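Okay, structure first, notes after.
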Amino acid sequence: MFKDYAKIHVKAGDGGNGCVAFRREKYVPYGGPSGGDGGRGGHVILRADGGLRTLVDFRYRTHYKAGRGTHGQGKNMHGRKGEDLVLRVPVGTEVRRAGDATLMADLTVDGQEYRVARGGRGGRGNARFAAANRRAPSFAEKGEPGEELWLELELKLLADVGLVGFPNAGKSTIISKVSAARPKIADYPFTTLEPHLGVVRVGEGESFVLADIPGLIEGAHRGAGLGHRFLRHVERTRVLIHVVDVSGREGRDPVADFEAINRELAAYDPRLAARPQLVAANKTDLPGARDNARRLAEAAGGRYEVFEISALTGEGLDRLIYRTYRLLETIPVEPAPAPIVPDERETDVTLFLVAREGNTYVVEGEGIERRVAMTDLDNPEAVQHLQELLVRIGVEDALRAEGIRPGDNVRIGRFEFEYSENPTG
């Protein structure tokens, strides 16, 4: 089964908790804190695999989770990093955050990887909080939650040439004759409901990849007849072979069909209208077809080269394929997109904004939200340490400037507190 779209939920591993421990050794009367840090959570990574042709593996499972980092231990022993989760996708997969059109990654090279969800940092053990005025801290940080999000995966086939045209125009017969691809072929419309790829060998060491795109209908650019699903696979091609049934069967007009498909291509993406296109006037072995082929050539008006072929008998295919290859030689291959590197910068805890929402004051800032999420709010000493940080970086002053009063609510990330005057403020 071919599947070119998937929506999945990924969750990176949470960081392990830091440890609260103290040295207890003979002849060491004041051992001091020795709690180690928790391990980082595992990342979720997408890896392009040239052996895959579809996103069908994501059809029955939508939730994926990486491993959690282990907790720190005494004697300054740090926790192990959580196991990364690597999900294999076909080459040509585009990755977006669900509901956001912004491209996160375009995996066009075999083996290319992109981290879609970062594992949470391990919490610091109490040994990291020792200071001149805090010789025996009895608190540690919790592990940071791993990133989680919904992703949309969209596969756009990587082919040099795309076969386009109305259903039953003969595209599948062509690809079966010129390559080893074996799509389903029958004498009725919409026999092909999924794209097929085939390698066309022209000579020694000379070949190109041909894609058989399922038949388009009028309104395809608006999604009619699964048009959006099919048209996306044309986007990466460098040359189009427009297959037109010139037999005139069932009362169809080859010239009208030819013009209708070109309108759909232009309406979907104007760049497709400017893409080099060869026209294959197919089924010339049938009565009256050659007259229609000549009418089609006149309608093309020198804009396109028209080749009279019969995919069934093979007549004219060699000439069409040879011309396609020579045309490809004149069109440069687009360079692979530069890899998108996830932002690894440390978030500055001093960068925050304070806003009022009714009776609640909201403090926003990735750095401070992370610190709160990693604080053990059940430990009074850890809470005091957090309060000292909020005073030191100016959060309390900013809240006062907004008019906060004792008893008002403060929200930082997922956590909400009741404000009280800091006795040291």
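Placement of Cβ uses the backbone N, Cα and C atoms for every residue, glycine included.
Now, the feature entries from Swiss-Prot:
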- 1-158: domain 'Obg' (DOMAIN)
- 159-329: domain 'OBG-type G' (DOMAIN)
- 165-172, 190-194, 212-215, 282-285, 310-312: GTP binding site (BINDING)
- Ser172, Thr192: Mg(2+) binding site (BINDING)
- 341-421: domain 'OCT' (DOMAIN)
Note to self: Within 10 Å of its Cβ, which one of these binding-site residues (Asn168, Ser172, Ser310) has the largest number of other Cβ atoms?
What the structure shows: Ser172
Notebook entry, point to check: Taking the Cβ of Gly165 (GTP binding site) as the centre, how many other Cβ atoms fall within a 10 Å radius?
Noted result: 24
Notebook entry, point to check: By a simple count, how many Cβ atoms lie within 10 Å of the Cβ of Lys283 (GTP binding site), its own Cβ left out?
Noted result: 27
Next item on the list: List, in sequence order, those binding-site residues among Gly165, Pro214, Lys283, Ser310 whose Cα sits within 10 Å of the Cα of Ser172 (Mg(2+) binding site).
Entry: Pro214
Note to self: Among all protein chains shown, how many Cβ atoms are found within 10 Å of the Cβ of Lys171 (GTP binding site), not counting that one?
What the structure shows: 31
Next item on the list: Determine, from DSSP, whether Pro214 (GTP binding site) sits in helix, strand or coil.
Entry: coil
Checklist line | Pro214 (GTP binding site) CB neighbourhood, other CB atoms within 10 A | finding: 25
